[in-house]
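These notes concern the structure reproduced below.
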């Protein structure tokens, strides 16, 4: 059986990518280096996404290439933070399904960041997932908080038909995604530390932060999507739990 080039190209993005960070604008994508911490070995971008200070939150849009994925959203403050992704914006949870997925309101207020946010402050967002079959996959976006930026939802913040999110609880939520399976269990051979070379030092503080953030800001950092109906879950205190 022969398939047309157009047919094959339609499936190429999902086949080629473990996941893609669509928004904020990512540093790029390289499937060969995506397993390297931090940021899939991609250099810092000079084109920082402007994030409205007054909004108190911003969307994180992804394109998923695996039907079950553990995902975590981290942040590092500063112009060039290196491996210091010690702020948990969203603890580890599971995404089920392929294609577009969006968290429309990822909170970044002072209680989450642990410091006062000022106009012009730079930061780097890192979305990390469980690896295939082990370790982690990493994608980063460089951002700048701004008092003049508009609070607008990007067109990429959408959810594909059939995609859903499931909140982890307890140890599964506290475990870094690069140490987790898609089911929220510890990866084989991982005893609380990352199985990725060089990533443990960068995530030791993130693990501690995740533990406190998951409990103290679960209501504020809600597991929500642009279309609430796709969760198929009971919403308790703003956090969807199955």
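Placed from the backbone N, Cα and C atoms, the Cβ positions cover glycine too.
Owing to the predicted nature of the structure, the values given are computational and were not obtained by experimental measurement.
The signal peptide annotation in Swiss-Prot covers 1-17 and is backed by sequence analysis.
The N-linked glycosylation site annotation in Swiss-Prot covers 47 (among others) and rests on sequence analysis. For residue 47 (N-linked glycosylation site), other Cβ atoms within 10 Å of its Cβ number 8.
In three-state terms derived from DSSP, residue 86 (N-linked glycosylation site) belongs to neither a helical nor a strand segment and is classed as coil. Residues or ranges marked as N-linked glycosylation site in Swiss-Prot: 86 (among others).
Its own atom aside, the Cβ of residue 122 (N-linked glycosylation site) has 16 Cβ atoms within 10 angstroms in the protein chains shown. As annotated by Swiss-Prot, N-linked glycosylation site applies to 122 (among others).
The 10 Å shell around the Cβ of residue 159 (N-linked glycosylation site) contains 23 further Cβ atoms across the protein chains shown. Residues or ranges marked as N-linked glycosylation site in Swiss-Prot (evidence: sequence analysis): 159 (among others).
The feature region 'Disordered' is assigned by Swiss-Prot to 176-214.
What Swiss-Prot records for 178 (among others) is N-linked glycosylation site.
Residues or ranges marked as compositional bias 'Low complexity' by Swiss-Prot: 180-214.
What Swiss-Prot records for 218 is GPI-like-anchor amidated alanine, and it gives sequence analysis as the kind of evidence.
DSSP assigns residue 178 (N-linked glycosylation site) to a helix in the three-state reduction.
Ranking the glycosylation sites 86, 178 by other CB atoms within 10 A of the CB puts 86 at the bottom. Rounded to a whole value, the Cα-Cα separation of residue 178 (N-linked glycosylation site) and residue 122 (N-linked glycosylation site) is 25 Å. Residue 47 (N-linked glycosylation site) is 26 Å away from residue 159 (N-linked glycosylation site) when you measure Cα to Cα.
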